[in-house]
Amino acid sequence: MVKIHTEFADVTADIVFDVLHDPDYRKVWDSHMLASEEIGILNVNNDVGYYAMSCPPPLKPRDFVLQRSWLDTGPQGEQMLLSRSVPHKNYPPKKGYVRAMSYITGFVLRTNENSKTGCILKYVAHCDPQGTLPPWLVNKVTHTLGPRMVKDLKKAALGYPGWKLTQPHLRKPWRFPEEIRCPRISIDDCLDTVTVPLALPPAATVSSPKSAPSQQQSPSTPQPPAQRKLPQLKTQTNGRVLPILHKKAQSTPSSPVVEEAKFPKRDDLKELLEEKRKDEKKKQKDAKEPKGKDGKEGLKSSKELEKEAKAAAKESKKLSKAAAKEAAAAESALAKKEKKEKGLTKRRSLLNLKF
């Protein structure tokens with residue numbers, strides 16, 4: 001969403017209001033416009049139009065179907081012009097254009113109290129260009145297009161009175177409704193209508209009592225298979241949905257049949273308790289025997305592990321000592337070699353001296 005607040009010191013609010021409305025003059029000053037059509041009017045202060053604009057490459061051009069609403073509250077009040085996107089049955093999306101969405105685009109004009117020839121302009125726009133555009137690109141374009149449009153609007157307002165005098169007619173239907181020449185359209189043309197098919201219930205056939213004996217007399221005639229009736233749903237006040245039961249199901253008694261409880265005797269209970277105690281004793285014995293064996297094996301294994309750890313520590317110490325000895329011997333050998341080489345170089349240097 002973009003919001004702009006600016007002041008025009010040398011342009012009146014009436015002229016800016018006329019520049020925003022005049023479709024013929026927009027072709028002169030709007031450099032981004034590719035096409036513009038007046039579809040029709042809804043009433044004196046509302047119309048619907050088509051607008052197509054160019055975008056910087058490599059973006060495709062965008063088009064809109066907009067409903068405009070305007071109101072002029074008088075010389076000391078405000079002049080407002082609002083628009084938003086609406087669908088129209090005669091203007092579907094076209095090839096080569098991306099149908100964009102304008103949530104709101106509004107202009108509010110007020111006369112500047114300090115200067116009689118100036119005005120205050122407030123502009124708000126919230127659009128969705130549609131397509132597969134990254135958000136950073138959309139934000140960058142909107143930040144540049146909004147201020148540029150305001151600058152172009154000021155230049156156009158300065159040259160509008162002279163341009164209007166050169167035209168063959170001085171019509172202003174947005175101010176004088178008797179000059180409107182656009183056709184009247186219905187708001188139903190600007191609504192998304194979706195037809196939903198309604199499923200009607202099949203007609204119920206009622207068999208008369210007279211026809212019943214005739215059917216019994218002729219059993220050989222083939223009869224269609226009886227369709228299974230689905231339970232109907234009934235909404236209750238508590239929000240739950242419960243099926244309506246069949247008549248036969250309603251005739252059945254709702255109270256369940258309770259059988260007499262059979263309690264075991266004392267002798268049977270004693271036998272059961274003794275069997276349970278015997279089973280528990282057996283389980284305890286079986287659990288104790290493997291535990292002892294496992295404990296001994298665990299002790300043995302722990303002792304053996306300690307011995308193995310000690311032996312490994314001794315071997316590591318021996319290896320470390322041997323490695324240290326080897327490193328010391330290698331260092332001493334290198335030092336001896338260096339001393340020998342230094343002595344030789346000194347002798348050679350002495351022999352090379354010339355007295």
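Cβ atoms are placed via backbone N, Cα and C, with glycine included.
Predicted automatically and left uncurated, TrEMBL annotations should be read as such.
Marked as domain 'START' by TrEMBL: 1-162.
What TrEMBL records for 204-355 is region 'Disordered'.
For 207-220 (among others), the entry in TrEMBL reads compositional bias 'Low complexity'.
Positions annotated as compositional bias 'Basic and acidic residues' by TrEMBL: 259-318 (among others).
Residues or ranges marked as compositional bias 'Low complexity' in TrEMBL: 321-333 (among others).
Taken from TrEMBL, the feature compositional bias 'Basic and acidic residues' applies to 334-344 (among others).
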Rounded mean pLDDT for the residues that make up the domain 'START' (1-162): 90
The compositional bias 'Low complexity' (321-333) - residue tally per DSSP class, helix then strand then coil: 13 helix, 0 strand, 0 coil
